[in-house]
Amino acid sequence: MKHGVLPLPLSKHKTDDYSKAFRSLANSPRCPPQDAYSSILELCASRKAPLQGQQVHSHIVKSNSLSDDGFLSTKLLFMYGKCGQLRDAEKLFDEMPSRSIFAWNALVGAYASNDRPSLAIATFQEMRVSGILPDACTLASVLKACGALEDVDTGTATHGLAVKCGLDSTGFVSNALVSMYAKCGRFGSARQLFERMDEERDVVSWNSIISACLQDGQFFEVLTLFREMQRASIPMNSYTTVGVLQACAELSLPRLGMEIHASLLKNDAKLEIYECNALVVLYARCGRIGNAMQVFCEMEEKDTVSWNSMLSGYVQNGLYQEAIDFFCEIVGLGFEADQVSLISVASASGRSGNRLHGKEVHAYAMKHGLDSDLQVGNTLIDMYTKCRFIDYAERVFYKLHSKDCISWTTMIAGYAQNSRYSKALELFRQVQADGMKADSMMLGSILQACSGMVCLSLLKQVHGYAIRHGLLDLVLNNTIIDVYGECGKVSRACHVFGTIRDKDVVSWTSMITCYVSNGLLNEALCLFRDMVAADVDPDAVSLITVLAAAAGLSSSMKGKEIHGFMYRRRYLTEGTVSSSLVDMYARCGDIENSFKLAEIIESLKKEGGYTENTKFVLQDVPEEEKIKLLHGHSERLAMAFGMLCARKGTPIRITKNLRVCGDCHEFTKLVSKLYEQEIIVRDANRFHHFRGGSCSCRDFCAVDQNKRPLGSKFLKVPLRVRAPHLVAHVYLSVRSEHAACVSEESHHQPSVQTVP
């Protein structure tokens, strides 16, 4: 891995430029002209080299070159402002016998550019009292200060002054106004000003409105503006690139980000460090950690943001051990971690359960005096609770000089997660005694303690507190349903469930779990049907819960309905769901069906040379998952059930509304041969009569999943449309014998039926 050296204030070749210029001044027999001093001061300002600038200042004083017109004094003020030397700038300004508009602008601009917005505004007001009229440069600096303070009143007053002075249409001032209104949250005003600019718009104007949209979370609008900017043939600069890449990262649009990246490389443009950082963040956010690492390694120079972006990228993608290894490597290379770095690596240690490294991170924070930082402290508490070091978490918590709501919530959650419920409640009472208002996250942690203690009275208190303070959001309501269910109060849980307007999958699952845990199994299955009817996709937890309900009712029929639903929605690849499915069949006394299918498959492989043809599985999943999906096809399960139930010599008849896949067709042929079993399958296209290893269709329709043989024009008409009476006849004939009938509804929940 390449290690980038952090940029110094003045690199070697830049120092040589300064040295040559200063040597020519020092060796000059006559007093150097003001232009020579001006040039070298501009060089120091652009290189941000305050020490060299002070040398030039000293040389000017010794040569008595400070004239009454204040030209060099203003240049010195500008240089000190650019270098962040505000005390030197203030001292020089106070010593000036007379101050021009340029001197005032230099000082106001220095304050605005160095995070002293209040002083910038105060200096501007002093300037107005002195009778100096502002120009566009003054107003732009003041508007920048107003934006930093989010002082919309002063900003609006400055806007009025700009209109009065006729400077509001100046591009310099207009751009500053757009930026100021955006930072103050007046996005409508910012957009209105931008639309009025029309011909005066330059790249700075576009960057200002793009930045405003980013602040307002209007990421799609950023991309729209970017396209408009391209249509207007405005060349983008590095600030535009960073803004658009940020929008791509927020919207998870890696392809557009890659196109921008490619266009930059195509133009042979040397990427600025902040452009590279934005690319690293984009790729990491979009799960392309390899691309992020490639950009990172190709960076000639790296700053703290670069290292932190890569580190947090690993954590965001769940690569916790890689994040820890990366942190150890860069610290070994001399990188000094800041608060952001420690938060990322401590989070990785907690999520991976790496106690040893978590303690090392804590030691590093203590050594560098970062453990007193509130955010670092909160992350350390969370890390220790996840690593089950609750005593260490407690020590960090009580050592924090100041605590916010996150500190209290994290510690309460830690106690609850580690089954120290009484301490969690004690801490919550302390929060209330101190007059601090709890948030929904804190109440969620307390509810976890209520659940562990099965304390109904406390649950009611917390519920009432949440109602009184308007804290009932979706997550908290879901938690309350869970806890009421665990306390056996189903009616209260139902009431809370009914009050939720926009229910998510967790809401439905919580209520289903409440029914199951309280023995109301039929109600759980009914609610599951309502959930599916409401177009809410169940997750693994929902399916496991309803399978438990079916198992509790010993209802193989209802279990098969759920099984069919799972197959249709492709949930069978979930390991926990598949295990619950097997458990359900076993508890319903239907495990023989699964064993029979496994026995048939094993026999076909040994004696018939059967091998799964996974090309008929269209899902993009690993090979072993494709094999599982093939064996989950409903006709195979029906065939196994029929062979268990039917009398010897009785044909097994199977109906389904989907076409038989080629692998199932071959599988059924082998079964009919090895087991001497006649099998009749009616799929969406035709009847298949399997007998002695051959099919009545002569493999005509099972050549390929995506091909139809010649002469199959007639088969394009659905069977049930061509001969509905024949379908009815087949259904009646199926019911007249021992058979397995599988019915998969196209638009409803699939059901698996056993026909006696």
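Every residue gets a Cβ built from N, Cα and C, even glycine.
Note: TrEMBL annotation is automatic and uncurated.
Pulled from TrEMBL, these are the features on record:
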type   : residues : note
REPEAT : 100-134  : repeat 'PPR'
REPEAT : 170-200  : repeat 'PPR'
REPEAT : 202-236  : repeat 'PPR'
REPEAT : 272-302  : repeat 'PPR'
REPEAT : 303-337  : repeat 'PPR'
REPEAT : 404-438  : repeat 'PPR'
REPEAT : 504-538  : repeat 'PPR'
DOMAIN : 609-700  : domain 'DYW'
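Remark: secondary structure over the repeat 'PPR' (504-538) totals 26 helix, 0 strand, 9 coil, with classes taken from DSSP. Same-chain residues lying 6 or more positions outside the repeat 'PPR' (303-337) and placing a CB less than 8 Å from one of its CB atoms are 1, 3-4, 6-7, 273-274, 276-277, 280-281, 283-285, 287, 289, 292-293, 296, 344-345, 347-349, 351-352, 354, 357, 364, 368, 370.
According to DSSP, the repeat 'PPR' (170-200) comprises 27 helix, 0 strand, 4 coil.
Look at the repeat 'PPR' (404-438): DSSP puts its residues at 26 helix, 0 strand, 9 coil. Applying DSSP to the repeat 'PPR' (100-134) sorts its residues as follows: 26 helix, 0 strand, 9 coil.
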